[in-house]
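Structure, as structure tokens:
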Amino acid sequence: MLDPQTQPGADTEFETEPSVPESSDKGNDKTANSSLATASDPPSKSLGLLFSSYGFVTSIGVFQDYYEAHFLHDYSPSEISWILSIQAFFVSASAPFAGVFFDRNGPHLLVGLGSVLIILGLFTLSVSTQYYQIFLSQSVSCGLGMGMIFHGSVNSVATWFLKKRGLALGIASSGSGVGGVLLPLEHEPKPFNLTNFSKPFEDKVFALNSLACLAGMLGTLIPFNYLKVASQAASVSPNLATYLLPIVNASSIIGRIVPLWAGDHLGPFNTTASLMLYDAILVLALWIPAAANSNAIIAFTALFGVPLGCFNAVIPALVGRISTIEEIGFRVGTTFFVVSIAALIGNPIAGLLIGQGWEEGPESYHGLKLFCGLSIAVSGLLFLVTRVQIGGYRLNKRI
């Protein structure tokens, strides 16, 4: 055995065993015992790892209650408790094997394997309804994975610190207590049925906003799909036509940031309604007359991207403005589902209008452009109506 006085970080008056340094600036000292050579990195993540491993174990009462009320209500409390007891058993019983693995390979691979087992167990647990399925997912897969993570974390702390080992272990192990506090407070998922989908539309403001978003999506996707081919029909050079979509997307970056920032100060509905009406004017007053004018097409392309980017990004802000915190997730999802219908049918309808009522050539796209502009105009007007429903006709209100 090496002289303890030669060990970095050792207390020469009391310590007799070899140790490793207390801090990372001495972590590469070669005099440490070879069995402790795994402590090459400070165990800075141990608290978080214990949160997700032993914190799970200290929250088992939540699972007992949930299983008795739902999937396993036909089983006795004692039978259900075996699932949770065996999970806790594996966390502790894996210690000898995890310890040997740690001494030979260090904590990284051990924690990595444990993480894979926990993730696999939680994924399969989310779709499990039978006793044996829950047992394999939670007791076996999660239990073994948590044991690997727990012992990898604890051993990392124990091999890194000497003089302040107790304090370090106490801080790290507090992660399991934090997990035991927070995890039981997680909300149960709300039950869902089809009537929940229609309920938001009983709110007149939400229904108007959804219609406005639907009309907006009908129009705003059309230039993405047809801008290049319409320009080529207008004899725009192929090289220039290639750059039109990148120009739209580049200017849309501004639209995704600046108008939403302005919406925080002016109100999302004020900003969106104004930009959608401006967008409709661009289509009707610039894109249609610019059928064969390359410079006008480029100008339209650059200007159109800003309101387009705003519309694509602003929907959650609009829904959030008219919803409570508890409703936002479901209402945003419902709005995007409505919008998806417009995304599905908008471009095919526009394609049917090519050549309808106008001669061949650049003018053959006038029907498509008119449909695009009118859809966006209707969207802007509906956003205005929604804004009035929320806050009346006062223009200085931030809505």
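Counting begins at 1 with the first residue displayed.
Yeah, the Cβs are placed from backbone N, Cα and C, and that goes for glycine too.
When TrEMBL is compared with the stretches 29-49, 134-154, 260-280, the one noted as transmembrane segment is 134-154.
Most Cβ pairs under 8 A with the transmembrane segment (205-227) among the ranges 134-154, 332-355, 367-388 are made by 367-388.
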